[in-house]
Amino acid sequence: MTTILKHLPVGQRIGIAFSGGLDTSAALLWMRQKGAVPYAYTANLGQPDEEDYDAIPRRAMEYGAENARLIDCRKQLVAEGIAAIQCGAFHNTTGGLTYFNTTPLGRAVTGTMLVAAMKEDGVNIWGDGSTYKGNDIERFYRYGLLTNAELQIYKPWLDTDFIDELGGRHEMSEFMIACGFDYKMSVEKAYSTDSNMLGATHEAKDLEYLNSSVKIVNPIMGVKFWDESVKIPAEEVTVRFEQGHPVALNGKTFSNDVEMMLEANRIGGRHGLGMSDQIENRIIEAKSRGIYEAPGMALLHIAYERLLTGIHNEDTIEQYHAHGRQLGRLLYQGRWFDSQALMLRDSLQRWVASQITGEVTLELRRGNDYSILNTVSENLTYKPERLTMEKGDSVFSPDDRIGQLTMRNLDITDTREKLFGYAKTGLLSSSATSGVPQVENMENKGQ
């Protein structure tokens, strides 16, 4: 069976991921007029820039959808977002600022839940608005086929007939008007935005040029913290975790995780927390640039990692970071549910996140400027009395430390011999300006 269809399958059911925007509206109407039977599926991901979800399926029916469904994906999206925080599944960082993989998380949820809904309706052909140059075309392909092995893919934007007729936004708008729908194009921004409850992505157009900056972006989840005329008073916030799960903000608990994430977004958003400017490597190895917002994810991540460093030992923290970066890449590539990702997730959630219980109090200021004011946990292995500089009882004595240092002579001697061997073979310079200490040949001295 051909998985990817290059031309419209006339007379067959096609499920389209319908956003209600110009592109998917024109595509749905065009498919109906050309003889296909379109079914519209809209994911409610808690997009901060969407005002009326219920109106979207109604518009789809007006444009010719055989049926239109609104799928509430918020609970699953937040669950995957919390799992990503527990695992540190983030691999893109610049100058200490993190991209929280909010778009890949959204695609993992959308790609599985919409295709599952289509399968319930007997729809085995799926179309969406992703382009052939981006990451989403592969993410949706993978998640769709994982959910429905019989799935076929039809994308109007890969169909030359569709492109020839409606290749641009102006042509799409004219087509909608000619068909009796007063669809006016929205005002063009200097960049493109995609969002869900976890975060927003701003990219393309003017943001493709590196001499543009965050200053051209109008945040949809936060504030323009770089604008000094915007007043942003400092604010204290306390985040509580129980066994790796965020359960309270400023002492307030929530009936569900969706409400908790919304409140985290509101708190972080008041300061512009979690905005970052990243150059990243797409799945096809070409570099792209994006400016990201994720105020709630950033707030939870900061508090989580503060507890992490106070609870776990150095080797565990090292494995958390290494495996988290690896898992972040898998998530980015659309492999969040692959076996290698599930293995990493299970170990990180079982052995790391399960011990993260406690509270962290932060002072948020402008943007990513914050201070940690207090850290409290019954699981802390940070115990100041062990290393206090004040006189008093100690868990080890000066003689104990002398013995420990004496044992270091073994590996110091081995290292000295290795350095001499490198120098003898010419790998190390004998220059006095070398950063490596000058190593004397001790063989002739019987050492």
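Quick reminder: no glycine exception, Cβ is built from N, Cα and C everywhere.
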Residue among Ala43, Ala116, Ala178 sharing the ATP site, where Swiss-Prot lists Ala17, Phe18, Ser19, Gly20, Gly21, Leu22, Asp23, Thr24, Ser25, Gly129, Thr131, Asp136, Asp194 as binders: Ala43
Same-chain residues at least 6 apart in sequence whose Cβ lies under 8 Å from Glu203 (L-citrulline binding site): Tyr191, Ser192, Asp194, Ser288, Arg289, Gly290, Ile291
Helix, strand or coil at Ser25 (ATP binding site) [DSSP, three-state]: helix
Assigned conformation of Ala17 (ATP binding site) - DSSP reduced to three states: strand
Rounded inter-Cα distance in Å - Asn135 (L-citrulline binding site), Ser25 (ATP binding site): 22
Minimum Cα separation from Ser25 (ATP binding site), reported as the residue among binding-site residues Tyr99, Thr131, Thr201, Glu280 that achieves it: Thr131
Span of the ATP site, taken as the largest CA to CA distance across Ala17, Phe18, Ser19, Gly20, Gly21, Leu22, Asp23, Thr24, Ser25, Ala43, Gly129, Thr131, Asp136, Asp194 (Å, rounded to a whole number): 19
Spatial neighbour of Asp23 (ATP binding site) that is closest, considering only the binding-site residues Tyr99, Thr131, Arg139, Thr201, Glu280 and their CA atoms: Thr131
